[in-house]
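Colleague: There's a structure below that I have some questions on.
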Amino acid sequence: MAIIVDERTKVVVQGITGYQGKFHTERMLNYGTKIVAGVTPGKGGTEVLGVPVYDSVKEAVREADANASVIFVPAPFAADAVMEAADAGIKVIVCITEGIPVHDELKMYWRVKEAGATLIGPNCPGIISPGKTHLGIMPVQIFKPGNVGIVSRSGTLTYQIAYNLTKLGLGQSTVVGIGGDRIIGTDFVEVLRLFEDDKETKAVVLVGEIGGRDEEVAAEFIREMSKPVVGYVAGLTAPPGKRMGHAGAIIEGGVGTAESKIKALEAAGARVGKTPMEVAELVAEIL
């Protein structure tokens, strides 16, 4: 079993008529993702790559029975798109958009929680259950079906580690890019809990980075897990006070250093790799 999304997931693409929306819709369709609808206000009644376009998510749910959404909408309008999906009854919302204002992120975070939906992102590469479905912008050719779950704050590091696992013959059950902003819809612990309960997943890779306390909080949960966890923390040489790529990747007041996160993960029983290749090798040792 995959977590969050699988071959039964019916997807609506919000922003399907834009360049990014159309480009990634084609890639997702080629992978086998069941894209049943697109949404762009004012473009209802048209088609993109054979996918019917509606004016609203509510209409897409009613007409095409969509139950998941992937959002390619510019930052000023992305929060409204997320909240529209939640209000329409969509249960899995993947927001790729970067640069959403913090107050907008807070509003959409709580609206999604109130609706009982799952939000992946924002500012994330999406989610893939290899061989089943893909919602997002990941390079699908590097993944293969298997029993290693990956949860990550970093897109490119996810790709590196997944590629290395695949090279070693280790496939993935589901790969979740939770996003690099300070406010995200789904955190490490929520995904770790799903992997812990998933019969198909035999080991988990956690990819963290400097900033915040998410990895330390995850370490507390890892203590209680029955499945082995291998970690990687980016930013070992990052200078304090300087944002390193993601809005959440900043060390402030001595909190959020790579050293503190590595120490917490190791104390919880996780093994921590120094390089993406070493992470894959540690997983191979365990399995």
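Each residue's number is its place along the chain shown, starting with 1.
Using the three backbone atoms N, Cα and C, a Cβ is placed for every residue, glycine included.
Keep in mind it's a predicted model, so treat the numbers as computed, not measured.
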Colleague: Among Lys34, Lys43, Lys113, find me the residue Swiss-Prot lists at the same CoA site as Thr17, Gly18, Tyr19, Gln20, Ile96, Thr97, Glu98.
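Modeller: The record-listed residue among the candidates is Lys43.
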Colleague: Among the binding-site residues Gly18, Thr97, which residue has its Cβ surrounded by the fewest other Cβ atoms within 10 Å?
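Modeller: Relative to the other binding-site residues in Gly18, Thr97, Gly18 has the fewest Cβ atoms within 10 Å.
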Colleague: Please report the distance from the Cα of Thr97 (CoA binding site) to the Cα of Tyr159 (substrate binding site), rounded to the nearest angstrom.
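Modeller: Computed Cα spacing between Thr97 (CoA binding site) and Tyr159 (substrate binding site) is 19 Å.
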Colleague: For Gln20 (CoA binding site) and Tyr159 (substrate binding site), what Cα-Cα distance in Å is obtained after rounding to a whole number?
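Modeller: If we compare the Cα positions of Gln20 (CoA binding site) and Tyr159 (substrate binding site), the gap is 20 Å.
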